[in-house]
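These notes are about the structure you will find just below.
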Amino acid sequence: MSRTTELSSAGNRVNPGGVASSERKVDVSTSSKQEPVWAIEFKKICKSFGAFRVLVDLDLKVQPGEKVTLIGPSGSGKTTVLRLAMTLAKPTSGDIRIFGESILFDQAGTLLSSAEEARIRRRCGMVFQQFNLFPHLTVLQNLILAPTTVLKQSKAEAKESALRYLRMVGLEGKVDAYPAQLSGGQQQRIAIARALVMKPEILLLDEITSALDPEIAGEVLDVVRRIARESGVSMLIVTHEMRFAREVSDRIAVFDGGRIIEQGTPEKIFISPESERTRSFLQSVLNH
Amino acid sequence: MTWDWNYAFEIMPDLLVGVWYTVVVTLASSAIALSLGLLLAILESVSTTFGRAFVRFWLEIFRGVPILVLLYMAYYVLPEYGLNFSGMVIGIGVTGLVYAAYSSEVYRGSLITIPPELRDACVALSLSPSVTWLSVLIPLMVKRSIPALLNYVVGMFRATVFLFAIGVPVLMGEAQTAADRSFRYLEPYTLAGCIFILLNLPFIYILSKAKADHV
């Protein structure tokens, strides 16, 4: 997939991969036989904090363009999966590959240099629960910092791109505002735009509405729905918004105790889950 | 002893020379203290265990030894090793180094209060370590440190009085010279005290404004 995958402000889809949204839904069991290059692949990942095992032999593969949502009770390891993919944490064992390249080891099996790690990681973007905008920078400065310093775009080019994404999230009028002058929902939409200006091929969304009240969360989820619908970017989403997960996902993985206990299409998970644990989890969440 | 206005006006030009030296020493030592303090805080943050231990040792020396002792050592001992500096240079250097040690603790405290999530955001945006420091961490450190650092600038302004001990004609030195010359102590020291209070007023204004901006 080309790195130029982009959304336009007018909502025109620019998808160099030419994969239609409906075609992106994949049958993992058959595609695995064809040995595709996965957008992201977790291989036998274990992660422990002291004696506490957060992830146990995790295997998870995401196809290019696929939207995978991780659901499950708090503390089941979902956020850790995203942090490992973004190299914000290191696994205790196992390997993680992004478009076939390990973010941990080189071909000789030695640890990657930080420069190599950064090069591969650049294909991922992440949006955090607490937005994490730089408070001393304006919205525009937040959006052009990485493109100008990492992608080496000119200031004019970066500004043009930033304005395009700000229009997409409906906040083009806030270019000169500081994060503290924005509502939580607006900050999160800016954070999404900031991730998108880096043209990621994989977007990691970590409970992006957890810090927002339900009314404001809707405007953020609408933006993500649009990205999911109109772009070819792969998504790994952690959320407790079940309706959103059902709408936006090609596949849902249910986590419990650091393991994926079940995964499948939203219809399968929400209508006819195989696992009793999935059923009880969904029951408790949906009845809440 | 009664106040003599004629004597007060007579010594005023000398005291104003002292004001000039006091301001120059304060500004120069502040520049050293605030920039070196920042470098030390960064160095301590990015160093290995050995590097951190070295920085801490260095800081404790300058925080632990009284400023007058350091001034005398630099002024009288360094020439014995062939290092000759003027009293002005030594005064600015020692004051700057001592307050750099204090300032670095302020910067370090600010760095600790920067939420780790902002560093995560830097990693997620693939910012290089230098961009992370220059564009994110240092501006935030400095912004959060301003109220406390202004206190240290006021401290350096007051600490200039020690420099008269090594012959720098700061305000205190000029007042002392005038008093020794005439054996009149009321006017020189009262005027020196009043001038210190007057020069402090802008700092008090800036400090209260900075604190209000940061609350």
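Cβ atoms here come from the backbone N, Cα and C positions, even for glycine.
Annotated in TrEMBL:
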DOMAIN    B:19-207  domain 'ABC transmembrane type-1'
TRANSMEM  B:20-43  transmembrane segment
TRANSMEM  B:55-75  transmembrane segment
TRANSMEM  B:81-102  transmembrane segment
TRANSMEM  B:148-168  transmembrane segment
TRANSMEM  B:189-208  transmembrane segment
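Counting same-chain residues at least six beyond the ends of the transmembrane segment (B:81-102), those with a Cβ under 8 angstroms from any Cβ of the stretch are 21, 25, 28-34, 36-37, 40, 58-63, 67, 70-71, 74-75, 152, 155-156, 159-160, 162-163, 166-168, 170.
Here the transmembrane segment (B:189-208) has long-range neighbours at 3, 8, 11-12, 15, 18-19, 22-23, 147, 150-151, 153-154, 157-158, 171-172, 174-175, 179, meaning same-chain residues at least 6 beyond its ends whose C-beta is under 8 angstroms from one of its own.
If you look at the transmembrane segment (B:148-168), the same-chain residues 6 or more away from its ends with a CB under 8 A from one of its CBs are 21-22, 25-26, 29-30, 33-34, 67-68, 71-72, 75, 87-88, 90-91, 95, 98-99, 102-103, 106, 109, 176, 196, 199-200, 203, 206-207, 210.
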